[in-house]
Amino acid sequence: MHRSGPLSSKAADEVDRTAAAAMGKQRPSQSQQVSREVCSGGGPECQQGSKIQLSRVMRPDDANIKGNIHGGIILKMIEEAGGIVGTRHCNTLNGDRCWVALVRVEKTEFLFPVFIGEVVHVSAEITYTSKHSLEVQVKVVAENILTGTKKLANKAALWYVPCSLQNADKILEVPPITYANAEREEEGRKRYEAQKIERHETKARLEEAMPPPPNPERHTVGFSQSSLIHLVGPSDCTIDDYVYGGVTMKLMDEVAGIVSARHCNTNIVTASVDAINFHRKIRKGCVVTVTGRLTFVSNKSMEIEVLVDAASLVNEEKGRYRAVSAFFTFISLDKDNKPLPVPPLKIEGEDEQRRFEEGKARYLQNKAKRLADKERQQ
């Protein structure tokens with residue numbers, strides 16, 4: 001699910017650079033010492049080292065009834081690329097073998113819609129490493145192979161930590177990368193410190209999702225609140241039997257889409273996702289409950305808080321715990337894919353009013369940032 005909008009000259013340049021990399025026209029710098037391998041058997045194109053690219057055609061089962069590819073599908077592909085490049089990098093040293101666990105996805109904007117039949121190229125690169133974590137930046141380019149046109153559909157930054165295969169609770173050290181210059185390293189360090197603070201702040205304000213009241217009035221929080229229950233199976237998990245972050249994000253996008261569709265009863269698409277925080281790992285055999293509720297509604301957008309709780313199906317004494325949390329923003333579209341006004345949200349109670357005011361503050365902050373970014377690009 002995506003939102004369309006004008007592509008700036010800066011974004012267009014990024015498309016050109018990403019597309020060139022996808023076609024092998026850009027050579028890696030000597031400091032990266034990256035070698036290329038092409039996977040056989042029609043699989044994705046791969047690149048060893050600190051970069052990787054995955055590509056595949058979008059199919060009808062990836063899309064909604066209007067032909068727009070679900071935002072959850074794009075998020076899942078982003079995490080797959082990040083997980084591969086991160087795990088490869090963290091296993092370049094002798095010692096414990098590991099897999100990387102996703103702990104955070106920074107705010108993600110869906111810049112352009114992606115449609116059935118287009119080829120999506122997901123390019124991931126490690127851009128910063130601390131002692132126990134690494135940042136992977138990802139670009140998603142959609143290509144129409146009939147016309148040859150390409151568009152930058154999405155950008156994201158993900159944070160991972162390497163977990164030992166012998167003991168999933170043991171966090172291993174991350175091999176350092178070589179930076180182009182000291183400024184790049186310092187910028188990465190600042191991003192690392194900022195996300196670390198925000199993850200701690202998010203944990204402090206987590207709260208329970210209350211069940212909706214019986215027979216709620218239309219356009220209230222309770223009317224559109226929705227939950228999805230999913231049993232975690234082998235196909236959802238890594239080789240160490242923990243859920244892929246992309247699987248969880250796809251479920252979250254589905255629930256947020258149901259909430260927004262119930263509120264406005266129209267075609268809806270994902271516009272953006274605020275930072276997604278992964279608080280605890282989810283193991284195979286757990287039952288996850290994904291709950292979404294409206295927190296704020298503007299003229300043409302809806303903010304949905306999505307909470308993921310997990311509990312073991314066989315070990316009830318371990319109890320239920322909060323695994324993931326995030327805010328999704330959706331917009332309503334008419335039959336021509338033009339934004340529609342969103343029905344106002346009817347607030348009931350002090351808690352809903354507080355969450356509405358907090359959502360409004362996030363909305364105004366994000367709007368100011370977009371305007372500032374637009375002015376810098378002009």
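Yeah, the Cβs are placed from backbone N, Cα and C, and that goes for glycine too.
Because TrEMBL annotations are produced automatically, they should be read as predictions rather than curated entries.
Bear in mind that the values here come from a model prediction, so they are computed numbers and not experimental data.
As annotated by TrEMBL, active site applies to Asn64 (among others).
Residue density at Asp253 (active site): 27 other Cβ atoms are found within 10 A of its Cβ, drawing on all protein chains shown. The annotation active site is assigned in TrEMBL to Asp253 (among others).
Feature annotation from TrEMBL assigns domain 'HotDog ACOT-type' to 48-166 (among others). As a summary of secondary structure, the domain 'HotDog ACOT-type' (48-166) carries 23 helix, 58 strand, 38 coil according to DSSP.
For the domain 'HotDog ACOT-type' (222-336), the number of residues in each DSSP class (helix H, G, I; strand E, B; coil) is 29 helix, 56 strand, 30 coil. According to TrEMBL, the feature domain 'HotDog ACOT-type' maps to 222-336 (among others).
Here TrEMBL flags 1-48 as region 'Disordered'.
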Could you round the CA separation between Asn64 (active site) and Asp253 (active site) to a whole angstrom and send it over?
12
